[in-house]
Amino acid sequence: MSLFNKVTKSFQWGDKTVVMETGEIARQASGAVVVDIDGTVILATVVASKTAKPGQDFFPLTVDYIEKTYAAGKIPGSFFKREAKPSEHETLTSRLIDRPIRPLFPEGFLNEVHVVIHTLSLNPEVDADIAAMIGVSAALSISGIPFSGPIGAARVGYINGQYVLNPGQTARKDSQMDLVVAGTEAAVLMVESEAQQLSEEIMLGGVVFGHEQANIAINAIHELVRDAGKPVWDWQAPAEDEAFVAKVKSLAEEKLRAVYQIRSKQARTQALREANASVMNTLKESGEPFDAGKVNDLLFAIESKIVRSQILSGEPRIDGRDTRTVRPIEIRNSVLPRTHGSALFTRGETQGLVVTTLGTERDAQRIDALAGEYEDRFLFHYNMPPFATGEVGRMGSTKRREIGHGRLAKRALVAVLPTKEEFPYTIRVVSEITESNGSSSMASVCGGCLSMMDAGVPMKAHVAGIAMGLIKEDNRFAVLTDILGDEDHLGDMDFKVAGTTNGITALQMDIKIQGITKEIMQVALAQAKEARMHILGKMQEAMGEAKTEVSQFAPRLTTLKINPEKIRDVIGKGGAVIRGLQEETGTTINIDEDGTITIASTDPEKAEFAKKRIEQITAEVEIGKVYEGPVTKILDFGALINLLPGKDGLLHISQIAHERVEKVTDYLSEGQIVKVKVLETDEKGRVKLSMKALTERPAGMEYSERPPREDRGDRGDRGGERRERSDRGDRGGDRGERAPRFNSEQQQQPRSNEQQPAPVGEQPYAPRDSQE
């Protein structure tokens with residue numbers, strides 16, 4: 001009998017077969033599922049604590065997506081040869097999984113939950129993130145942990161006017177959209193997308209298509225739960241003390257209503273702290289014991305109800321705006337004097353100082369991803385220090401939120417970047433959030449676009465971003481334009497859209513409730529477009545087009561194309577030539593395999609000098625052309641003349657002068673600069689030169705030249721086959737003491753009479769006796 005009670009379910013999903021298994025691996029986890037999609041295999045596990053920690057006032061859910069290099073048949077390239085801290089891709093995938101499952105845990109469930117996903121095998125054409133989302137959904141569903149799932153997920157492409165389910169990395173090169181959607185059977189919960197300036201209708205169609213396809217996976221998970229599901233936990237939300245709730249409400253409601261009439265964030269935040277502290281003090285004075293965490297939850301619920309009811313009844317929002325108004329915008333370009341490009345973008349109480357730096361191809365980020373190595377020439381980094389929200393905090397390593405916001409801004413801008421051929425720079429954009437009250441990632445998009453244009457990046461269009469919110473109660477709903485931080489926390493949807501006047505380039509949705517219909521999303525997209533056009537107008541007023549020249553402090557890139565066969569001449573043995581060029585010219589030189597050479601320098605004259613030197617190195621000698629160069633070597637039969645860097649030609653003794661030349665050194669010396677004419681080149685590339693072709697023959701001089709003494713390096717056919725040593729006859733007699741061999745480094749001495757060759761037919765030496 002087997003140790004395992006394995007349950008397997010498979011289903012056809014587009015052109016792929018999906019297999020889900022449980023009961024064999026990781027049996028001590030609360031739930032564990034292995035998902036295999038055409039060779040991409042993931043293990044999803046979930047473990048939950050049976051009880052919440054005392055005083056716990058938030059839901060402690062942690063999602064860790066981990067890629068193992070053995071999944072792609074690789075060994076880690078680090079010094080320790082093992083997987084280290086999470087890569088950016090792993091962090092983003094962890095967030096992608098977290099976002100749709102978090103709202104499905106019940107209110108009041110504060111037990112610690114840890115979700116871990118391992119990628120065990122990877123087919124580069126099947127993304128592991130979708131398999132991971134399905135695996136996590138299945139693991140949670142069979143675990144018995146309180147969870148209102150399952151969820152399904154799908155990736156959607158848009159190729160040749162058609163939606164494509166789960167396109168691989170090859171197919172995505174032709175896709176105008178890369179969209180991931182996740183949700184339950186009834187509702188979409190999460191959307192993450194980038195696109196090539198597509199319309200709102202096409203984007204919404206992609207969301208609907210993806211949701212329909214995700215339901216196929218949900219149905220299969222239901223079948224797995226029926227056969228392998230564990231008993232559902234007997235968990236109930238803590239019963240509310242109605243009398244205590246009423247007491248807190250009576251103490252706090254009027255104070256909180258007054259707080260939310262204050263329009264300034266800082267003043268409102270301070271008043272809110274004072275109101276909450278007043279309630280706490282009153283409760284303490286009453287002598288009745290209470291849980292401070294529970295009181296804070298009740299106060300937040302009262303705040304939420306006040307703000308939501310005001311908005312749904314048509315009253316002004318927290319800062320006094322109506323639902324469609326964008327906060328005041330101010331833009332300043334070229335803020336920093338010595339950076340390559342900069343912009344200060346302020347929208348209400350949200351502000352980003354965004355800086356662009358231009359670099360060479362060597363500055364591109366080389367990423368050793370599981371699916372294969374690639375080079376990233378566009379980097380976007382987002383930072384938000386604690387002072388941006390008026391708080392005290394620690395400055396440490398980059399947080400998951402910062403990585404996610406930077407990735408969203410990058411998605412929004414990448415569609416309008418110039419090609420490498422149009423603009424061969426590596427671009428790094430850094431958004432420093434100096435104030436935050438909602439939608440700082442979209443401020444980063446706007447500031448990033450303006451900063452790059454200030455740096456001289458020829459953007460195809462301006463890109464603006466806007467964050468939308470939603471308040472929904474029963475059949476009433478209100479879509480909010482340009483949400484504040486408080487509206488984000490108190491609302492039901494965070495909906496970010498970025499794009500140009502032509503269409504959407506990035507879309508991100510996080511929905512906290514079920515029941516968001518297609519019609520509501522249509523209204524939200526239409527309202528977002530209206531706001532986007534308003535912001536684009538402000539940006540175009542501030543900076544109509546990109547600067548035509550890059551900053552004087554940025555490297556100037558000069559490109560030229562050479563014959564790929566000449567690349568080795570430019571690099572030289574062991575890189576000696578290119579290193580020497582860079583040291584000589586003070587430039588940075590990069591060579592592509594196709595022969596494209598990029599020269600980077602902040603000094604245009606140095607770049608031009610380097611270009612000329614490369615042209616000299618790679619130039620071909622032209623027949624009939626006159627060159628001037630130094631004598632590099634004197635030979636018995638002529639001299640070698642340097643014509644171009646690394647290219648010498650032979651000036652034969654017969655081509656030095658019209659008169660007979662007995663000794664080359666009578667006319668030439670090493671280092672002497674002479675003018676020569678190219679007579680011809682042979683099939684091996686050897687060049688023959690002439691000095692006398694540049695002068696006229698003196699009148700009356702007879703034509704009597706020595707026959708040419710050619711270089712005997714290639715002696716050609718010597719008349720018949722050479723005999724083997726064993727066929728050379730009897731060499732006769734005692735050879736005596738053998739003369740020392742000729743040393744090629746010593747000067748060769750003329751032969752003595754005794755060393756003259758023997759007459760033909762005679763053998764001067766006998767073969768050595770083998771018994772000597």
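For all residues, glycine too, the Cβ spot is worked out from N, Cα and C.
Marked as Mg(2+) binding site by Swiss-Prot: Asp488, Asp494. Sequence-distant neighbours of Asp488 (Mg(2+) binding site) (same chain, 6+ apart, CB under 8 A from its CB) are Gly438, Ala467, Gly469, Asp494.
Positions annotated as domain 'KH' by Swiss-Prot: 555-614. Across the domain 'KH' (555-614), DSSP helix (H, G, I), strand (E, B) and coil residues number 32 helix, 16 strand, 12 coil.
Swiss-Prot lists 624-692 with the feature domain 'S1 motif', giving sequence analysis as the kind of evidence.
Taken from Swiss-Prot, the feature region 'Disordered' covers 690-772.
Residues or ranges marked as compositional bias 'Basic and acidic residues' by Swiss-Prot: 703-740.
Annotation comment: Swiss-Prot describes 743-757 as compositional bias 'Low complexity'.
Regional average pLDDT for the domain 'S1 motif' (624-692) in the model is 90. Asp488 (Mg(2+) binding site) falls within a helix when secondary structure is assigned with DSSP. With DSSP states grouped into helix (H, G, I), strand (E, B) and coil, the domain 'S1 motif' (624-692) comes out at 7 helix, 36 strand, 26 coil.
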